[in-house]
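Scroll down for the structure; my scribbles are underneath it.
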Amino acid sequence: METPLLLLDTVDGAVDHKGQPVLRSKSGGWRSAAFIICVEVAERFAYYGISSNLITYLTGPLGQSTATAAQNVNTWSGTASLLPLLGAFVADSFLGRYRTVVIASLIYILGLGLLTLLSMLLSLNSSNCQGTSKFLSCSPPQPQVILFFCSLYLVALGQGGHKPCVQAFGADQFDGQNSEECKAKSSFFNWWYFSTCAGCLVTLWILNYIQENLSWGLGFGLPCIAMIVALVIFLLGTKTYRYSIKEDEKSPFVRIGRVFVAVVWNWRTTSSAIAIEEEARGTLPHQSSEEFKFLNKALLAPDGSKEDGVVCSISEVEEAKAVLRLVPIWVTSLVYAVVFAQSSTFFTKQGATMDRTVVPGFDISAASLQSFISLSIVVFIPIYDRIFVPIARSCSRIPSGITMLQRIGIGMLLSAASMVVAALVEIIRLKTAQEYGLVDLPNVTIPMSIWWLVPQYVLFGIADVFTMVGLQEFFYDQVPNELRSVGLGLYLSIFGVGSFLSSFLISAIEKATDVDGQDSWFANNLNRAHLDYFYWLLAGLSIINLAAYLYFAKSYIYNRKCTI
């Protein structure tokens with residue numbers, strides 16, 4: 001009599017670490033998610049330990065110009081955000097999420113270790129060049145610079161395998177078919193982002209200070225130690241995890257690819273032939289089938305035959321439609337990603353020119369001001385999850401309070417507002433420099449408190465609570481089950497492409513405005529630059545993009561919904 005009871009408590013589509021049916025009461029849920037969230041805190045500490053102050057390192061010890069350093073940071077950030085697509089593909093097609101996280105963590109640790117070693121060597125060269133100088137007064141050896149960037153991209157590769165898989169693996173610990181766990185899964189994405197920002201806060205408050213005032217070697221070494229700790233914590237939870245069962249059928253990439261190939265072969269097929277085939281097979285499953293009806297051509301064989309393996313099934317066509325339906329949301333999120341890229345580049349350079357005194361004798365790092373993004377997230381997420389969601393849920397009858405696309409749109413509006421505020425503050429900073437005759441003295445601190453920048457950082461943080469978390473949940477939830485790592489890879493790729501677009505935009509504006517002896521918008525002397533023009537441009541693009549987003553979001557049909 002015990003066996004049937006135990007079977008009732010098993011989770012469909014999941015097994016334990018030995019490949020046996022997994023019991024709901026003894027696996028997954030918040031217990032397993034806690035291990036994975038701890039891992040993410042350590043990993044974000046490591047990643048932001050490199051990314052948050054990278055522009056300072058490039059313009060300092062490596063001696064690059066502001067525009068070049070910003071482009072390099074954006075290119076690296078873009079690559080780091082696109083590589084999760086590769087990591088997700090490997091996980092969903094070959095290794096599985098658990099193994100991919102372990103292997104990616106080892107690559108991550110190798111890259112961080114090499115970065116630490118090279119930064120120490122560059123620091124030694126700096127001492128030989130100019131013993132008492134804070135930054136290099138001569139160019140560092142080119143081989144070491146090349147190895148530095150190779151190590152940097154090794155970190156990006158490790159992050160590419162780690163980031164999408166560990167989050168998807170965490171969400172896998174909740175059963176979407178169970179009403180209580182479905183609600184918990186939505187909450188998981190909130191607390192996941194809360195925890196990552198907590199790790200980021202520690203980085204910005206402590207690690208940036210160590211890097212700029214004590215040692216870059218130590219500042220890069222601590223992230224390496226953090227990743228070692230993260231790997232150990234992840235392995236400790238092995239026996240508690242739920243592991244998704246890999247179906248003994250074609251890869252989802254193959255299934256979806258077959259649909260598009262079949263559509264190309266059948267491009268001359270008439271709508272009447274498709275209608276006949278649909279009628280022969282019965283009514284298509286749901287309303288979403290009315291979208292992208294051209295994909296229904298895949299229901300027919302190229303030569304009119306219906307041999308097994310030649311004709312695509314209805315479920316395969318619906319999978320392809322589900323993926324294609326994501327494209328407009330992905331595209332209209334890119335401008336948000338371009339705006340997002342500014343917080344770790346030009347915002348930091350702005351702050352470096354301002355009065356950073358907290359108390360006499362102690363100056364805050366300009367990069368540390370990014371902590372207000374994380375701080376506002378850490379403060380606002382509990383308010384959102386515990387107050388806003390229950391109130392909204394009682395009105396809308398939606399478990400998450402508001403839909404994922406509504407949440408994303410609110411964040412986009414707030415990001416546009418942050419650019420408006422940033423432009424206004426920059427105008428005040430430039431006027432202050434003129435009033436005090438500091439326009440041609442870029443190394444002299446402008447008598448304007450760095451706290452003026454706080455509002456734009458706070459708006460950034462609140463926007464992230466809506467858009468970033470919304471995008472994570474959306475791209476995890478709206479893809480086929482076997483492609484959830486890829487779904488999160490698609491989410492991360494938004495910010496990768498956004499970083500590349502930001503880099504391209506900066507390069508194009510730099511060339512267009514640096515003519516006839518005039519200072520460009522991004523001149524090394526920020527007192528003669530015009531970051532305010534750039535911020536106004538981004539604010540305008542954000543509003544136009546929001547209008548396009550709302551158009552596509554309004555007609556979007558969700559694949560699956562939780563119910564109360």
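Note: Cβ is positioned from N, Cα and C throughout, glycine not excepted.
Please treat TrEMBL annotations as automatic predictions, because they have not gone through curation.
Look at TrEMBL and you will find 101-124 (among others) tagged as transmembrane segment.
What TrEMBL records for 191-210 (among others) is transmembrane segment.
The transmembrane segment annotation in TrEMBL covers 216-236 (among others).
Annotated transmembrane segment per TrEMBL: 323-344 (among others), in sequence order.
Within the chain, the transmembrane segment (364-384) has long-range Cβ neighbours (under 8 A, six or more residues past its boundaries) at 52-53, 56, 190-191, 193-194, 197-198, 200-201, 204-205, 208-209, 212-213, 343-344, 347-352, 354, 356-358, 450, 453-454, 457-458, 460-462, 464-465, 469. Annotation comment: TrEMBL describes 364-384 (among others) as transmembrane segment.
Through the fold, the transmembrane segment (405-430) approaches residues 329, 333, 336, 339-340, 342, 347, 350, 353-354, 446, 448, 452-453, 455-456, 459-460, 462-471, 474, 527, 530-532, 535-536, 538-539, 542-543, 545-546, 549-550, 553, 556 of its own chain, all at least 6 residues removed from its boundaries and within a Cβ separation under 8 Å. Taken from TrEMBL, the feature transmembrane segment applies to 405-430 (among others).
Summarising the annotation, TrEMBL assigns transmembrane segment to 450-476 (among others).
Positions annotated as transmembrane segment by TrEMBL: 488-509 (among others).
Listed as Cβ neighbours of the transmembrane segment (533-552) (distance under 8 Å, sequence separation of 6 or more from its ends, same chain) are residues 328-329, 332-336, 338-339, 342, 346, 408-409, 412-413, 415-416, 419-420, 422-423, 426, 509, 521-522. For 533-552 (among others), the entry in TrEMBL reads transmembrane segment.
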Distal contacts, the transmembrane segment (450-476) - CB-CB under 8 A, six or more residues away: 167-168, 171, 186, 189-190, 192-193, 197, 326, 329, 333, 336, 340, 343, 347, 350-351, 354-356, 364, 366, 369-370, 372-377, 380-381, 384, 400, 404-405, 407-408, 410-412, 414-415, 417-419, 421-422, 425, 428-429, 484, 487-488, 490-491, 494
Contact call for the transmembrane segment (101-124) against the transmembrane segment (216-236), three or more Cβ pairs under 8 Å: yes
Same-chain residues near the transmembrane segment (323-344), Cβ under 8 Å, at least 6 residues beyond its ends: 51-52, 54-55, 73-74, 77, 256, 288, 291-292, 295, 367, 370, 373, 405, 408, 411-412, 415-416, 418-419, 422, 457, 460, 464, 467, 471, 474-475, 478-480, 483, 490, 493-495, 497-499, 501-502, 505, 535, 538, 541-542, 544-545, 548-549, 552-553, 556-557
Chain residues outside the transmembrane segment (191-210) and at least six past its termini with a C-beta under 8 angstroms from it: 37-38, 40-45, 48-49, 52-53, 167, 170, 218-219, 222-223, 365, 367-371, 373-375, 377-378, 381-382, 385, 461, 464-465, 468-469, 472
